[in-house]
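Student: So that we are looking at the same thing, I have put the structure below in structure tokens.
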Amino acid sequence: MPCTCGNWRRWIRPLVVLLYIVGLLVVVPLCVWELQKLEVGIHTKAWFIAGIFLLMTIPISLWGILQHLVHYTQPELQKPIIRILWMVPIYSLDSWIALKYPNIAIYVDTCRECYEAYVIYNFMVFLSNYLTNRYPNLVLIIEAKDQQRHLPPLCCCPSWAMGEVLLFRCKLGVLQYTVVRPFTTIIALICELVGVYDEGNFSFDNAWTYLVILNNMSQLFAMYCLVLFYKVLREELNPIQPVGKFLCVKMVVFVSFWQAVLIALLVKVGVISEKHTWEWQSVEAVATGLQDFIICVEMFLAAIAHHYSFSYKPYVQEAEEGSCFDSFLAMWDISDIRADISEQVRNVGRTVLGQPRKMFFAEDHEQNEHTSLLSSSTQDPISDASSMPSSPMGHYQGFGHTVTPLTTPTTVPVVDGIYNTSATRDTEESPELMHNSSEKALDRS
């Protein structure tokens, strides 16, 4: 029998805190014992200091994740948020392990790098799901806007048509990095096994240089598409304060990447040389260790920023339903990713064959993260929800969009804002939007 809101929300947080304290009582003595056993040098001190930052980082991140699971009232918004919040503990833990065991750093760091692409994808999903719920006629709204020109350095390229074309290309631009990064990571592992990777050495005789260039181009284009997407829909996204969220994601991704490039340049020009390896086996190991140490420190600051930027407070409701198991299971559900990739591949195929693409945004109902998220709906959602199968995962519809609530409503409204009568207001505005859209099209022609 699943644990309901009547009990599990009361004991889950104290239980997690207790488990973390027990973990500290086990891990801290082991780290101190390891520090006393080894010769205390730069490498050992760096590993121990990084461990202190790790122990401060993880509880901040886990608390935010736990609070979202406890108040899991908006699955289509909170699922990508939880995935983004996992970035900090994954980055921090991977870097600390790689710092301790330099020989396996290449294998541990690959997990961190793949999750980086996953985070960018989920941020796009978060924005898309919010807009889909808030504005059922989003394509018409975009078509009614002035033509958005490309941003530097692509300002000389032809502009993307406002509407479905722009949405499709922005989302495809983000999704391509989710595919490219794991692919290049697998290539990097193979090159390391055959001895041609040579990480941290800028030379066109090794594979690392080419993979860095490819990853950088793919990452920059993904971030460019995110910026262009925000530029077009800035007014519509203002209620969820996307700038702080975007900076949190962008800073972690870009800072970690470019500081690795900077450290590699320091190795190339001889600032980091064989004369000072500080207990590491090689100069490349020094570069990797320095990168891992800096990431452990940075993740503590990132955890604080994520805690405030991706707060759980807008999702707190007085009458919350759902089981502990469903909330936990939904966090690990990746069916939307498979559906997104399949849908984008089909859309690309339709474009190549000259067939019409499937519309991204199906009609939905209004939702707002801060105000209407907590407001009461006057419409009875029971009749609407009865036609939908109950599932904690929801049903995929478009780019990462789920429309089925966590639980089927009984006497209280489902997630506030999803079945909101204000959606009718948006629907009624569609003739005006269509009229404005046609005028914009005539002006552009």
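The backbone N, Cα and C atoms fix where each Cβ goes, and this holds for glycine too.
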Student: Using Swiss-Prot as the reference, determine which range in 156-176, 177-197 is annotated transmembrane segment.
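Tutor: The listed stretch tagged transmembrane segment in Swiss-Prot is 177-197.
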Student: Per the definition of 3+ C-beta pairs under 8 A with sequence separation of 6 or more, do the transmembrane segment (84-104) and the transmembrane segment (15-35) touch?
Tutor: no
Student: For the transmembrane segment (252-272), find every same-chain residue at least 6 residues outside the stretch whose CB is under 8 Å from a CB in it, and list them.
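Tutor: Hits for the transmembrane segment (252-272): 87-88, 91, 116, 119-120, 200-202, 212, 215-216, 219, 223, 283-284, 286-287, 290-291, 294-295, 298-299, 302.
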